[in-house]
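One structure is given here, and the rest of the page talks about it.
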Amino acid sequence: MSDARIKRVVIVGGGTAGWMAAAVLARALGPAVEIRLIESEEIGIVGVGEATIPQIRLLNPFLGLDENALLRAVNGTIKLGIRFHDWGRLGDRYWHAFGDLGLPLGLLTFHHYWLRSRARSDAPDLWAYSLNAAAAAANRFARLDRVGDTPLTGLRYAYHFDAMLYGRYLRRHSDARSVRRIEGKVVDVQLRGEDGFIEALRLESGETVAGDLFIDCSGFRGLLIEGALKTGYENWQHWLPCDRALALPSARVEPLRPYTQALARTAGWQWRIPLQHRTGNGHVYCSRFISDDEAAAQLLANLDGEALAEPRPLRFVSGMRRQAWNRNCVALGLASGFMEPLESTSIHLVQSGLSRLLAMFPDRHCDPALAAEYNRQTRFEYERIRDFIVLHYKATERDDSPFWRHCAQMPVPDTLAHKLELFRRTGSVFREADELFTEAGWLQVMLGQRIAPARYHPLADGPSAAQLDEFLGQIRALVAHAVSTLPDHARFIEQQCAAPLPA
Ligand SMILES: Cc1cc2nc3c(=O)[nH]c(=O)nc-3n(C[C@H](O)[C@H](O)[C@H](O)COP(=O)(O)OP(=O)(O)OC[C@H]3O[C@@H](n4cnc5c(N)ncnc54)[C@H](O)[C@@H]3O)c2cc1C
């Protein structure tokens, strides 16, 4: 039997996706597989993507990265969640905090008890029961696995970081693990006659790079997956209408917030991401409802620190590649699809694509059954994330601009319509299989955007009123006490992971 093992992996692209792929594959596959990464400094990288979700931390032990050293290298800060402004109505504020809400009691999740209690006018809001939200509101942070010896889980966190520096950090790490980097521009993709597999890439320099498996991390252009293999793209703009962004750094401000801000604007929203050395800002908007000039003016008028550059324009179409794995090519990052950055899911999708690829790692025949399974799982993950992001636009009572009126009226995917109806009628939300966002995430956004369920679970009527008050009061007290013991976020960064001052 001939040896069909994959011996040569070629990665095209040196953005976050490319260097994450290089670092993870080098670690997992070892020296038996030669890994080459082609990137073009002339083309450059997108270089935004500064907010993450907690799963990114799983990469550190796998890659052997020390968290403090990483945060130091990327000017990183802590992210405990997202603070949403003006989404349900102008003036509204709510959190999508990572981590749990309260504690379950008996068979029921916490929120049903909270729904029962909120009939009372003096009921504290949902986020009094979220350690993450309470710590974020107080600008405090420490690594905390549990709250004392109670059943309450500690803080669940992710990072904000400088996207350029994160790529560079992984590159240094991958270089050390003998990934060969090739500087150059791919100008031609050679396909094999009999089955259309990619055989080799030709660079502008004339060099040819052959491989068994090709990882397309070439960004929006999808050089291999689309340019060569014509895989097709599913456009979701009718559900996610924003199609442009302006990104711009501004001076650091105090306090150093351990959370992202997502501030709704008249035709989109603005992000604020606090880093150690600056704040990352961006205005994501829908070009059908606002001009580029107006969008830039809104962004510049709403910075909380001095602008450090001109706004940088970016264009995108929310959607996904029809197949992320086609023949012997797997697309990751922007080459595989993009959903606007509202819930910071893109870098995570690179990571989950890589773990799927490793679980299904093929031989040189790239069995179509493996590719089909990979694509099925990828689609499931994308579609559930899409639904979650669409929820933020759909569940609005804003009618102060044509954009928000459009969003409130637009049809939504059936899967989301089902979740919404179930929640409205019963107060229940169920996480489907291993979809990314948890019940706690869905609940915070649904309740934060004023969806009022008609009832709660009948079992929540079990405890007496006094028992319920005591149960809720104890959780609030535990959360408040735990937060009071935490240090300031800025102090945590300064003491544990401050980047060296520029020379
Ligand atoms: C406005 C905006 C905000 C975002 N915010 C977030 C966020 O907060 N959180 C998050 O997780 N994600 C975010 N993202 C997504 C995130 O930026 C990307 O997922 C991430 O940067 C990965 O990009 P990439 O590596 O796929 O592509 P790119 O960064 O575009 O890299 C493409 C690479 O391919 C190379 N290349 C292209 N063509 C050729 C060629 N012909 N020859 C050789 N090399 C070539 C380029 O040189 C480059 O190295 C955001 C995206 C946008 C647009």
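Note: Cβ is positioned from N, Cα and C throughout, glycine not excepted.
All TrEMBL annotations are machine predictions without curation.
Some features that TrEMBL has for this protein:
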- K79: active site (ACT_SITE)
- G14, G15, T16, A17, V186, L334, I347: FAD binding site (BINDING)
- K79: 7-chloro-L-tryptophan binding site (BINDING)
- E343: L-tryptophan binding site (BINDING)
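Sequence-distant contacts (6 or more apart, same chain, Cβ under 8 Å) of G14 (FAD binding site) comprise L37, I38, E39, I45, G167, R171, R181, C217. In the structure shown, the C-beta of A17 has more C-beta neighbours within 10 angstroms than that of any other entry among the binding-site residues A17, V186, L334, I347. By the rule that a residue counts when its Cβ sits under 6 Å from some atom of ligand 1, the recorded positions G14, A17, K79, V186, I347 yield G14, A17, V186, I347. Each residue contributes its Cα atom, and for T16 (FAD binding site) and the residue listed as 'active site' these two points are 19 Å apart. I347 (FAD binding site) and K79 (active site) are 15 Å apart (CA-CA, integer value). K79 (active site) carries a strand DSSP state (E or B).
Around G15 (FAD binding site), the C-beta neighbours below 8 angstroms that are at least 6 residues distant in the chain are E39, I45, V46, G47, G167, C217, G219, G333, L334.
Remark: E343 (L-tryptophan binding site) has I53, I82, H96, I385, F388, I389, F437 as non-local neighbours, by Cβ distance under 8 Å and separation of at least 6 in sequence.
Around the residue listed as 'active site', a 10 Å sphere centred on its CB holds 28 further CB atoms from the protein chains shown.
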